[in-house]
Amino acid sequence: MSEVIQIILLVFLVACALAVSLTKNLFVAVIVFMGYSSIMAVIWLFLESPDLAITEAAVGAGVDSILFFLTLKKVHYLKGTREG
Amino acid sequence: MEEKKKLWKHIKAWVDGEEVILDADKYIITRSKKVKKDWRRQFSVETIKGNTKLYGFLSVAISALFIGIMLSVVNDLPEFGNPSNPVDNEVMERYLESGIEETGAVNFVAGMILDYRAFDTFAEANVLFLAVMSVVLLLKKDKQNYSEKEERENREDDFFDENEKRPILKIGGKILAPLIILYGIYVVLNGHLSPGGGFSGGTIIGAGLILYASAYGQKKMQTFFTFRTFTLICVGGLLTYCACKSYSFFTGANHVGFEIPKGIPGNILSAGFILPLNICVGLIVACTMYGFYALFTKGDI
């Protein structure tokens, strides 16, 4: 059972990585990258390194994407904000 | 004396980012026009746009080349889990056999990164500190790089923070932020007993602070977290780490003389210096994470 889940997760990981590089919309790219980090956190758990999983979830899915969003706001990319 | 003054002026202008030429009149008389040597081929937009096929082919070829190199290297790596691998040497045996005895930490990873290899972790904390310091240099607002318009926008932001109703964000932040910060503190304090440690716990605390700041605005955050506390915690954490570890460094890196009490492995107060070091790293990481966010949004902590 766990092998099936791992294979599904790995397929999702590759799909996310390809989608990040192929999408034209930067906002969507950041959100897909968040998904990539969350999947990676679960894979770290399967690989028996829970400390890395915690760090990946907090840094990759949380702080990293917030910094990306702030950068997009600074370069006037997000529509609907004052800078956009 | 004159010369010296001129030179000083010149250096001062150079530090401020202006270009001042010594003896400007003489220079203007004697200068000749620089002959620009045009060694580049001039590309026009049309030629670049016409070459898309070539660029596509080149990008695919370069990517394929790198993928090939990496795959061949991975192919040459020793088999996973093979007992005769170079990883299975006496260093790993020593860590696994006498790790608990020597460091007192149940979590081997914490024992490794904060006792055997504590200087690596010190350098990592320093790297984070340097990163946030360069962000402060670039983005912190002061009188030189701060316009009227930005100040007005900042005031508008503060007004919205106070008066706008964002019930989901505000109530969610109120309930979740303390829980997240508490969980981060738990991860930091149990770094030597369970998975986690300074870096993971610090980022969780930082994420909680960011949630609170984005829900309630920077003004409210500044009631307990100003730039002064930020610098104090960062520098204090680094200096405490440095003092703790230089003790064992100057006594021969082997705890000669005064032995730090290890305690019973498994207790919360055990493992010598690992607990205070974890707390130091956690504080530094939490501060830098929140510092990044605050400097990116408002240019001030």
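Going from the start of the chain as shown, residues are counted 1 onward.
Placed from the backbone N, Cα and C atoms, the Cβ positions cover glycine too.
When pLDDT is averaged over the domain 'MrpA C-terminal/MbhD' (A:11-75), the result is 89. Summarising the annotation, TrEMBL assigns domain 'MrpA C-terminal/MbhD' to A:11-75.
Annotation comment: TrEMBL describes A:6-22 (among others) as transmembrane segment.
TrEMBL lists A:27-47 (among others) with the feature transmembrane segment. Same-chain residues lying 6 or more positions outside the transmembrane segment (A:27-47) and placing a CB less than 8 Å from one of its CB atoms are 2, 5-6, 9-10, 12-13, 16-17, 19-20, 53-54, 56-57, 59-61, 64-65, 68-69, 72, 77-78.
Among residues of the same chain six or more beyond the transmembrane segment (A:53-72), those with a C-beta under 8 A of the stretch's C-beta atoms are 26-27, 30-31, 33-34, 36-38, 40-42, 44-45, 78. The transmembrane segment annotation in TrEMBL covers A:53-72 (among others).
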